[in-house]
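Annotated features, as they stand in TrEMBL:
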TRANSMEM  21-40  transmembrane segment
TRANSMEM  65-94  transmembrane segment
TRANSMEM  124-152  transmembrane segment
TRANSMEM  164-186  transmembrane segment
TRANSMEM  193-214  transmembrane segment
TRANSMEM  234-259  transmembrane segment
């Protein structure tokens, strides 16, 4: 386990040196600010929210930091046709699963006595932590921005915890897609091609899942559940789509381990 933790630590040293996390942080801050500003403007425009879905209208008429956070989830985690959050995760995953093998670093790691399974496990743990960090950044920054614009009146601990759980459930489809990218990377595909494939897949599936029932069979279907209205509570559809995503993750994770254990890294 010590080897795995050291490998994860090295991944974070590389991440901070490349300043990717700072770019993601800046994006989330700007997104939450302009989103809050737009809802502030619409709140004071007569009839501006009359055409919105019922849950959305209720939240906009009773805006506080938590209600804004629920709305913000559809602009950040559950993006529907514009799933920028999973695009960010996919770019991190491509670097994580391709870099060591393309650069030759994997050969040196394995030559030092670290097993293929330890290398694989470290990359998955690293991506799980990244996804958790990104979701927490969306949640915390969104709440801070919501507090600044709308205040914290009327917030209960139960609603706060349930909203945080909904955000966390959004990590499951991101993890499933990360594992799919890992599996594709086993083919030694070119980074630019894999990036193009992942972005095209996200766009196509985002559109399909938003307007058809493919969301109930897609690895990222949960992210398109709220294309029409906001997630007010944990529903059966959220749990069902989460289960489907988790199955995709388990299957692709096992396939990745199977392939990597039989792959000759030293060729």
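Backbone N, Cα and C define each Cβ position, glycine as well.
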Field: Selection from 65-94, 164-186, 193-214, the stretch that has most Cβ pairs under 8 A to the transmembrane segment (124-152)
entry: 65-94
Query: Can at least 3 Cβ pairs under 8 A be found between the transmembrane segment (234-259) and the transmembrane segment (65-94), with each pair 6 or more apart in sequence?
result: no
Query: Between 21-40, 65-94, 193-214, who has the most Cβ pairs under 8 Å to the transmembrane segment (164-186)?
result: 65-94
Task: Report, as numbers and ranges, every residue of the chain located at least six residues beyond the transmembrane segment (193-214) whose Cβ falls under 8 Å of a Cβ in that stretch; write 'none' if there are none.
output: 79-83, 86-87, 90-91, 94, 98, 177, 181, 184-185, 220-221, 223-224, 227
